[in-house]
Amino acid sequence: MTAQAPASTVPADDGVNFYTREEHHPENGTLLGFWIYLMSDCLIFAVLFACYGVLGRSYAAGPSGADLFDLKLVALNTLFLLLSSITYGFAMLEMAKNRTATTLLWLGVTGFFGLCFLSVELYEFHHLIEEGATPQRSAFLSSFFTLVGTHGLHVTFGSIWLVTLMVQVARLGLTAENKRRLMCLSMFWHFLDVVWIGVFTFVYLMGTL
Amino acid sequence: MSSEAHAAHGHGHEPGHEEAAHGSMKGYVTGFVLSVILTAIPFWIVMGDVFREPATAAIVVMVFAVAQIVVHMVYFLHMNAKSEGGWTMLAMIFTVVLVIITLSGSLWVMFHLKSNMMPGGTHTMGAPQ
């Protein structure tokens, strides 16, 4: 009688399951993990923004943002990054339809806009350094180059990752692994665009005011 | 095996969910148009000297930046309270709290440190006078 009591409280096979018998993996463990990485990256940028906020007006009698920044160039760069964001979105839509060729095409367009962004940024940095506005000139310029340079480095590594994935997709097709990788890079790429909103607002626009 | 795995995933992969994971053409285009508008206005405000007071312009530009970040989060990063069982949202809220503490705390402390310690005691963050 006592042995049967627990058995009667646990329904055996009447169709009600209180637990899963097979292994239950989270649906998108990688994507959640990558999201947490992005959040930690966000903290890096928060610290660099805080540095810029503290040091951004310490010109040491050197040039200020209003003297240096060319807002037309920044607007062009913003447009490049925004265009690359939407073309990556188109690549993801093509990926969802399992079209390898058009996915690769849109990824290529995204990479092109990424390179345009990097070229304009390198041109800007080169121009600033030529004018004597080097990172050593003032605390403002040190924090400026650190913040904008870190964002530029992220775009550089994102572009390398993009080319790597394009080779992978071209060779292996849109396998489940490649789709997962493309979704991670998609989050990374859009995240960089979000950081750029902060950069052009806090550094360029408010620095010119 | 594959059919079993598919069945296990079935409850999360209704058409609506698939849309949310990859977005839709309409969503991306909406996000892009909104972003262009929310970028063009602050650039116009600063480049066209729309406001006489720089402080007013700064606040307006910041409001546009926050709005555009929300647009990017919703339309490009597909943030919502349901993805990954709410864990992405929770991680983001935690991060936003840390970001706000880092930014406001640094600016607050360093601004006061500077105005209290700098010789001459200037109460602005401008160049030394």
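The backbone N, Cα and C atoms fix where each Cβ goes, glycine too.
Here is what TrEMBL records for this protein:
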- A:27-208: domain 'Heme-copper oxidase subunit III family profile' (DOMAIN)
- A:31-55: transmembrane segment (TRANSMEM)
- A:75-93: transmembrane segment (TRANSMEM)
- A:105-123: transmembrane segment (TRANSMEM)
- A:143-167: transmembrane segment (TRANSMEM)
- A:188-207: transmembrane segment (TRANSMEM)
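Relative to the transmembrane segment (A:143-167), the listed stretch A:105-123 leads the set A:31-55, A:75-93, A:105-123, A:188-207 in CB pairs under 8 A.
Here the transmembrane segment (A:75-93) sits against the transmembrane segment (A:188-207); at least 3 CB pairs are under 8 Å, leaving out pairs fewer than 6 apart in sequence.
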